[in-house]
Amino acid sequence: MLRAYASSDVRRAEGELVAAAPQDALMKQAADGVAAAVSDQLTLLGATVHGSTVLALVGGGDNGGDALYAAKYLADSGAKVQALLVSTKAHPRALAAAKKAGVDILDAARLTKRSQLRALVAEAANKAGVWVDGIVGTGGSGPLRGTAATVVGQLVSLRDSSPDEPVVVAVDVPSGLGGEDGKVAGPHLTADVTVTMGAMKNPALLPPACNSFGSIEVVELGPVEAPVSACRLTAADVADLWKVPGRADHKYTRGVVEVVAGSDSYPATGIICARAAARTGAGMVRVNIPAAASASLFAVLPEAVPVSGRSQAVVVGPGLDPKDEGRVDEMVRAATKAILRSLPVVVDAGGISIIDRILARLPERAESMGSSPVRRVRKFAPNVVLTPHAGEAAQLATRLGFSEASGGVARSDIEAAPAKWAGLLAEKTGATVLLKGAVSVVCGPEGDTFTQAEAPGWTATAGAGDALAGILGAVLAMEQAQAEADGHSLSASETAAGAAAGTWVHSIAARLAAGLGAGPELGRKKKVGHPILASDIVQQIPAAIELALR
């Protein structure tokens, strides 16, 4: 499992290690990791460090010190290295070591004319096949300013216009992405690989900032004793969560899902959802879909059971037209019944627009906030999973009373800080929130946060969300069946982890369907894949699960 921490907590832990270690020992260890990453990237390109041209972008403080020591190590290995000083406060010992190793020092920080600065940056950058970004680390917040902003802005332009893009290796974080909430405050240099020190920091896992980190390598400096801010499941974590059925299992121990989906406007939506639940391994899939889609469903899923009965999770909302009052009422009743029985419920798509009607049927419960008086509220339990995309999340946030400067909450507000908004919606509703996006964010009402970034762009296709809802229903039914067998209720943490695992399966199935393979590719020439349909994702669900279980 990948874990991210608040930058301040990691710096505090590093400070204790630095105080106990010989002078610059940890900085040199970090720099060695950066130099190794540069070597690995060159190897992928069929090149070697010896004879390669490297540009180190050097800010002040420890981040710049890491870059300077890395420049020294690369020069010692035969690289032609230039160091562009973006700050007048370069780390003195690291700077001396770089000079002694033959690194060519370019003092950009002392140039007073922007034209001179731009000319110097262009000349140095165009000669280098590798850029080491050590301008600003996790100590920076907000947009880049001054010389750093000018340098990064020009480098972005040069990289975008170059037919042979340089490899960018970031030190700790790409410059300009040091904020804690995952927001992108302004221009920044997207990395091919980020070498982070001690532990991952929040922006490495939180969108949209995490999209610019490339692959991430952690240089272990020592233990980090601090609260985890966000997690990302790997295949091994999904395997640990997954229950492989044994000889004594039956359909109820594997989990039974009830899918209430579709309306006159979208009658076939439930087919995708039900097939996804079945392919995920549900012991039984009960279906409540419009009569117009029944024949089509049983043609592709004859195992579906068209009658209600005992179930361990319910999915409502896919394909719901809020104007279809009859279907709205059926879904409200199905969700309410399951919630009152303490069963997991997935509320997807059109279901997001009717959660106030579901809540209205639930009993009030007491809630206290710090020293405030106890009040009576209607909230969901954590085993209710809401699955909005950014537009639906914006509408929900506005209905719940949140407001930004422009009034209400816009889709762009959600997309600028998905983890923040998923957390706020989870806190306000009491539910677990899976905010779907290029990087999907799962937030539980007790603070659990997961981000899953495996999905390819081809996943953005009609019906993909219905497939995810079916997968989630099956995963939660499996977890509920296990909880029943163990004699306990499904916890908030288990629900959040289950939602993240379901997202992983959905994303890997999409990758397989698009011909991309299961994991990130190395090197610059990456496959782009091909278009897919939601039904293609459904077909690959068993293969995705098998990959996790290997």
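Our numbering is plain: 1 for the first residue shown, then up by one each step along the chain.
Using N, Cα and C of the backbone, Cβ positions are placed for all residues, glycine too.
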**Request:** Can you match one of G407, G408, G463, G465 to the AMP site that TrEMBL gives for K436, G437, A438, V439, S440?
**Result:** G465
**Fill in**
Which of D237, D240, D466 shares the (6S)-NADPHX site with G319, H389 in TrEMBL? The record says D466
**Message:** Tell me the Cα distance separating K436 (AMP binding site) from D466 ((6S)-NADPHX binding site), rounded to the nearest angstrom.
**Reply:** 12
**Prompt:** In angstrom units, rounded to an integer, how far apart are the Cα atoms of S440 (AMP binding site) and H389 ((6S)-NADPHX binding site)?
**Reply:** 9
**Message:** Using a 10 Å cut-off between Cα atoms, which of these binding-site residues sit near H389 ((6S)-NADPHX binding site): G437, V439, G465?
**Reply:** G437, G465
**Prompt:** Helix, strand or coil at D466 ((6S)-NADPHX binding site), per DSSP?
**Reply:** helix
**Asked** Which residues of the same chain, at least 6 positions away in sequence, have a Cβ lying under 8 Å from the Cβ of G319 ((6S)-NADPHX binding site)?
**Response** A261, G262, S263, S265, Y266, P267, A268, T269, G270, C273, A349, G350, D466
